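Structure first, commentary second.
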Number of protein chains: 4
Amino acid sequence: MCDFGQCLQCNNLDCFDERMDKMHEECGIFGVYSLDDKELDVAGMTYYGLYSLQHRGQESAGIAVSDSETIVYHKDMGLVPEIFDKVVLNHLKGTMAVGHVRYSTTGASRHENAQPIVVRSRNGQIALAHNGNIVNAAELREEMEQCGTIFQTTNDTEVLINLITKHSISTNILEEAVQKMMLDVNGSYGLILMTANKMLGVRDPYGIRPLCIGKTSTSYVIASESCALDAVNAEFIRDIEPGEIVVIENNEIRSIKSFNKKDTRLCIFEFVYFARPDSIIDGASVQQSRYEAGKRLAIEHPVEADIVIGVPDSGLSAALGYSRQSGIPYGEGIVKNRYVGRTFIQPSQGMREMAVRIKHNAIKQTIQGKRVVIIDDSIVRGTTTRRIVQILKKAGAKEVHMRVSSPPLKYPCYFGIDISSRKELVANKLSIDEIREMICADTLGYLSLEGLLETPIGAKCGFCAACLTGDYPIDVPEEGDKFSCGC
Amino acid sequence: MCDFGQCLQCNNLDCFDERMDKMHEECGIFGVYSLDDKELDVAGMTYYGLYSLQHRGQESAGIAVSDSETIVYHKDMGLVPEIFDKVVLNHLKGTMAVGHVRYSTTGASRHENAQPIVVRSRNGQIALAHNGNIVNAAELREEMEQCGTIFQTTNDTEVLINLITKHSISTNILEEAVQKMMLDVNGSYGLILMTANKMLGVRDPYGIRPLCIGKTSTSYVIASESCALDAVNAEFIRDIEPGEIVVIENNEIRSIKSFNKKDTRLCIFEFVYFARPDSIIDGASVQQSRYEAGKRLAIEHPVEADIVIGVPDSGLSAALGYSRQSGIPYGEGIVKNRYVGRTFIQPSQGMREMAVRIKHNAIKQTIQGKRVVIIDDSIVRGTTTRRIVQILKKAGAKEVHMRVSSPPLKYPCYFGIDISSRKELVANKLSIDEIREMICADTLGYLSLEGLLETPIGAKCGFCAACLTGDYPIDVPEEGDKFSCGC
Amino acid sequence: MCDFGQCLQCNNLDCFDERMDKMHEECGIFGVYSLDDKELDVAGMTYYGLYSLQHRGQESAGIAVSDSETIVYHKDMGLVPEIFDKVVLNHLKGTMAVGHVRYSTTGASRHENAQPIVVRSRNGQIALAHNGNIVNAAELREEMEQCGTIFQTTNDTEVLINLITKHSISTNILEEAVQKMMLDVNGSYGLILMTANKMLGVRDPYGIRPLCIGKTSTSYVIASESCALDAVNAEFIRDIEPGEIVVIENNEIRSIKSFNKKDTRLCIFEFVYFARPDSIIDGASVQQSRYEAGKRLAIEHPVEADIVIGVPDSGLSAALGYSRQSGIPYGEGIVKNRYVGRTFIQPSQGMREMAVRIKHNAIKQTIQGKRVVIIDDSIVRGTTTRRIVQILKKAGAKEVHMRVSSPPLKYPCYFGIDISSRKELVANKLSIDEIREMICADTLGYLSLEGLLETPIGAKCGFCAACLTGDYPIDVPEEGDKFSCGC
Amino acid sequence: MCDFGQCLQCNNLDCFDERMDKMHEECGIFGVYSLDDKELDVAGMTYYGLYSLQHRGQESAGIAVSDSETIVYHKDMGLVPEIFDKVVLNHLKGTMAVGHVRYSTTGASRHENAQPIVVRSRNGQIALAHNGNIVNAAELREEMEQCGTIFQTTNDTEVLINLITKHSISTNILEEAVQKMMLDVNGSYGLILMTANKMLGVRDPYGIRPLCIGKTSTSYVIASESCALDAVNAEFIRDIEPGEIVVIENNEIRSIKSFNKKDTRLCIFEFVYFARPDSIIDGASVQQSRYEAGKRLAIEHPVEADIVIGVPDSGLSAALGYSRQSGIPYGEGIVKNRYVGRTFIQPSQGMREMAVRIKHNAIKQTIQGKRVVIIDDSIVRGTTTRRIVQILKKAGAKEVHMRVSSPPLKYPCYFGIDISSRKELVANKLSIDEIREMICADTLGYLSLEGLLETPIGAKCGFCAACLTGDYPIDVPEEGDKFSCGC
């Protein structure tokens, strides 16, 4: 358990909340290809696109641009607007750009792990941005090491680029090399590749991570989520299909679909937690899916109560759905401090009680004397949930009924979500009633798996729910194996 | 008008939004007095208190502590968690502390304007933190200059501390000197004064700025808003009364009320916009007041529509109230990018269209084909509102009915709100129908003044609504006078 | 004694060397007045002037400019080129400028102590830059506090500006107020005052700190040392006389000399150590003075030896003089690491031996098997000297004859040099022979006081040598009194 | 020519001086191997070692340590003491360390070029630090690219590590792979390699860059220059021989010498300019060599004069030698501003005249009315030299006789010195008399090549003087070829 005083990595409370009690997906990617518009500010567009994908990663960001001869790039630790200013963007001139935002990893060499990775190879310069996780990266790396390849990072992306380059020896066509790479690797990936004069968007055969394409009058755009298309005023064309390679070259876009469409497996937590509510993924609205989850929760776990509230921000839609379905009024019961950021001082021994309220506070007028239904999207370790119940009770709630808009999290994710082992997951150790007791709630109800899978209304895909079921679409390492969660 | 490319002060879009389209109050203050608890981490408590008041000022912050002999302090530009780390807090040992967060002012000497101001005087060392604005500061400064006083800042706070020190010549009792100062100055102020061994909380005779006191088992606490008491787990005692001086000394608290309770005038915009929703000010809940405003708007300006949505964050409560009153369903229609911070690159000429969406985006599923009621708390210049209507229409709204949970802003504020002249206020130049046209809404309805003044349910005070009426409680400079808006 | 592991202030070895083993003067000042040349870049000139005075203070720097109506300024912690860039300098437009570099003081509020201090007063805006130390500042401050004045810094400069402003009540002529201030204060000072439209250069009646004036075709320049005149290509006019006020106004320069020229007392250590060798002060060349000191040392303390070397940089001139006089060849025997700067990690226990060489190393080829005469300008605590002898012996010196180009330091300085008490001075505790033993030298010889006072060849002034004799020109606090060494 | 106002790379005057008028070698390397002393602070020792090699590179620095299982590292842009503090060094625990300081290169991806480079390969983790330049790096890179290798930097070091790893496929013994790599590459290199449990020191077959080994009671040390051995109190053992591989493993040191000792070619400019005067390289003292150069100059180019002075710092030793040989007195005539660092503002149009003196100033007393011999180590572009002559003339020198302690620079260096083309070299365009005229000197004399090659008294090696003769020991690119000068 992450004790405030002892855990070195948790030098802030926010970490306690975010890293330990919430899962995190690890990256957002964005690419733009200018259609003969020499004036188009592709770096600027990528800046806006990454800004709107910032929720997918706050540790580092980078942008690479090609002027059709040379690729130059800039990447650094920090938020998008901290890394890029006018001077930097003005140096990133070109007709194509690819960008990346990355969630935090630990370790000393974090700067080296920033993306896009830009290399020189027999294909010339290549920039690669990757969202996801390669399950057999260690084996692939070792194999290639035996053949004399060196690795400068612990990043899966370096494995991918090396594979692509190796395969380029037997074929001079980049997309064929990428296809061969896709046969080698197991795992989740959304990729954007850029050479001096073409751009590829690639999605893994199971479609575990999202990726979509859009269009403006003068460019094609590829992005992790549709909200980034909106951000640059691009029109949504379609999601890239699982296993598909989209190639943009000579101002034309074409598609290579060499993988039989298996049962596709989009990560269900994109809808539960990761994606922005204004995004639409594989046909389903994220916000609507959360709202629907709330409605289903109300059916599966009804309760007599006076008010329904959500934990901001991701619990609000579900709370609204629960309210609509149950007829119990929706209210604002919890305030989130918008300024709690990445740095935060550990509370001294005597002040932990205070630190509880730094991130969330209750609105007494809404809560006092009420039987409260409170909705959150998930429970990871249980500590934040316990704290929120505590805040509500202190504010005078007569009863607190916790409803969770996803089933219990029991299994680690090997496809890009930062839950490194089962041990952290409270639902892996305790029964639902024990969890209820631990979090001091009067009742506790989780949405059923069946219910959850129905929430992405209109989705044209299947889902990966392995963290809930243990049923992984791909062979994964034995429990207890060392597991390096790259991005 | 603030043209993106030309306004020097607006080197970010956020500025465009926040500085120009929203009003800003300027400061938050916090004090803690330890009751014989030598171990109490008063600087740490102040850190948490300021953290929860960060919405009242993001430019600079400072903490001064007294160990009953000496006052030491640390202040700098930036957010609370950026300025204070463990090393700094560990150097701030004492039994009393006073802290301050400050909203941005322009000018070169910004560091000099950070608070608390700490001086040596005939009263020994004094630390002073001030929230508000002194209307006759320039006259007072000039008068004192003629008597040989020098001023090192353009800060009203320096005027106050000089006045108190001058009056201390004729009386050795600090609180008497403060009373005399209160006779000299016209304006709004919440003050916390700290000498080596006593602490004073002072509120101006009209009670324009809020200030309240609380208690833990081992300390007294003074804060701008009750949410800061919650943040340090303190129990709310009461608001400091308009014109009251609260003295905490020798572990006892006492009160000096030498001003006849006039018609008090709490700034109504604390309820509309400034204060945090979980705060309770002069007896009224901020969140409830906003919710009530929405209900009254629904009565005053009904419309046939399919959905009610709010502009996050401050419009959400009113939207909920409008929905409840009107029966039109409440929905989530607008997403706010949580990472849009203080730095932001100006969009190049060709990218303004994109920049529009960096802060807000619409959720299409909620909006498409609907007649939408959208609620915001106020309209200052009109540009942000126009942009939001535009986003909704692009997302497919059939009709957009703008409702504003306060009356038209027509007059500048002289009591601490950063609206420097009438010229920026769209309601000062255009009729309501012209504004409707400018923002491209189908209908536009403002809450009436009478309605607004009823919203702070349970409030035990009168209100200043001069920015809406021009009826200032205190003589103010002629329009066009130079006006230095200190804090 | 400053133990590496314990002294908080000494978080670097450099501190060990520079703060403890060397004395430091505390400030450099520079002013420029444009003669009707609107295009003259007065801030840029001040930048160059301060750059050349950087050796007089590295903690903070500031520049204030007047455009004949308003004074604006910029100051910060750091070196001149770190604080000022093109953007900042471009904002400092005007026809007069005054700048300041400041040596390190301790304490939390260091930013507040940066100069020039700029205030609003009955004289309008005034900027003041000060080099020196006011002995009776505490008394003056207390007196003024009793009259209702507040002090925001612990800076003597704030005392001076308050005094001038108080005296301005009885006279409207600034220079008269300054004259009255000069009657109040005891201490050392070079001052540059700037109002919106005039500039004053002031030197204390004893002339303890240097100050000179120069001229270009379009401006007058005032500076602490003549090397700053060279830096801006100005022609040296003359030193400002002790007790003189130079007034530059309406493009004319005039002088007020109301103090009888007493026996003047220029600080002798300006020649020994502080000033740049290329400066000429009160008629004497600094470099020549040091060379002369070496010649006299050779006469007073001859020795049979094979080579004469100096401790870089300030011991080199004297070594050359010793060599010339004695006929013993001059050589380069010690290298100084040019990159040892302001930050330096304390060596861990096992590595002190290594840390010895980080700043200085011996050149074996020069030293090995030789009888070495090594010259340094002074010995403060003795530790650096001991270290240098050790390095020479390790490099194979057969004998090490230490010669010091000034007499033993026995008394604290109250006029601006940072030696806070007698206790640190090795010559105050030990006899010369004991010092010789402590530093492990074979012989040790100090220059006599009489000898030293003859070294500034051509000087038109007397000297303060109180740190050598205890004979202070002004009443100073009793030994043991608290002594705040401002600047 | 580098015009102040136009050259983007020259955003500082210092650049003007240092980059354009002086050549720069590019790196310093340092390694330490602990002999069973678990407590030895190998990172701390490397810190001190790099500090003393800082003159060889100021752009970036890095340290990698091995605890015999894992290699961790930290590297960043900046000076050694800026990059490493106690916290960082405490994280670098191990029994071996290798460090690197790097001189500035231009371009966006500078962080990526910092060393040591640390990779995972079939040899396990390897850290590599490199000083020098590989002439055929582009060919080697291209060849390997064709075989599927990718390159993430433009650094020669990445080429070397890839070659070593490739060769490791056919042999499992690292030192054999290194030998094979040495057969592939043409160029200059001093290398330190570190795996988890062994360390290698490698010097190129011509010995172009220096590298030496030393010993303390508990460790072996490898360093670019002997001054770094002194810095950690290590005893000099010997120089690593050209073509030699030194292996330190299992607490033992052994040597592999598979290259026939050809005519060795140590870079003569190590003696002229790059190395620290207290270093001894291949048997010759750097300081003594410079002194000798001065003596020979006096014989080759005698002149009647009154004083001999040197341009600080590297011209001082030669000036002393000239003085000794000629009998003309040695004096201090030029002061160098110690605070002119890496940032410096370009002088505005009207202020270039002033900027001349920011770095150097003359001491008038020494110069006035004298016939001056001034010695500098080399002339690159001539601009700094012209400026110094100008300063001397302005200070009253009757005649200025420039003597240069090396022959005219006419050819670019391909072995690690940053002179990218002939065009910058004044001696390539002008005759000696034209140069004399350009720099406004009365006479000008360069040391002859024969003379120079005699100066490293006692040297046990031959020299590369290709920049003076065009006689490169290795085939180099045609003039005009693109030439990327890595390190």
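Here the Cβ of each residue, glycine as well, is placed from N, Cα and C on the backbone.
TrEMBL labels come from automatic prediction, so no person has curated them.
Binding of [4Fe-4S] cluster is annotated in TrEMBL for B:C413, B:C464, B:C467; the matching candidate from B:C267, B:C440 at the same site is B:C267. Among the candidates B:S314, B:S317, B:S431, B:S448, the residue that TrEMBL names alongside B:D376, B:D377 for the Mg(2+) site is B:S314. The C-beta environment of B:D376 (Mg(2+) binding site), restricted to residues of the same chain at least 6 apart in sequence and closer than 8 Å, consists of B:G310, B:V311, B:S314, B:G315, B:T385, B:I388, B:M402, B:R403, B:V404, B:S405. A strand conformation is recorded for B:C27 (active site, nucleophile) in the three-state DSSP classification. With respect to B:D377 (Mg(2+) binding site), the closest of these recorded positions in Cα terms is B:C267, chosen from B:C27, B:C267, B:C464. Other than B:S314, B:D376, B:D377, the residues of this chain whose Cβ falls within 8 Å of the Cβ centroid of the Mg(2+) site are, in sequence order, B:V272, B:Y273, B:G310, B:V311, B:G315, B:A318, B:I375, B:S378, B:V404, B:S405. Each residue in B:I208, B:I268, B:F269, B:F415, B:I417, B:A465, B:A466 lies on the same chain as B:C267, B:C413, B:C464, B:C467 and has a C-beta within 8 Å of the C-beta centroid of that [4Fe-4S] cluster site, without being one of the site residues.
Rounded to a whole value, the Cα-Cα separation of B:C413 ([4Fe-4S] cluster binding site) and B:C27 (active site, nucleophile) is 15 Å. Rounded to a whole number, the distance between the Cα atoms of B:C27 (active site, nucleophile) and B:C467 ([4Fe-4S] cluster binding site) is 19 Å. Cα of B:C267 ([4Fe-4S] cluster binding site) to Cα of B:C27 (active site, nucleophile): a distance of 14 Å. Shown are the recorded positions B:C27, B:C267, B:C413, B:C464; of these, the residue with the fewest other Cβ atoms within 10 Å is B:C413.
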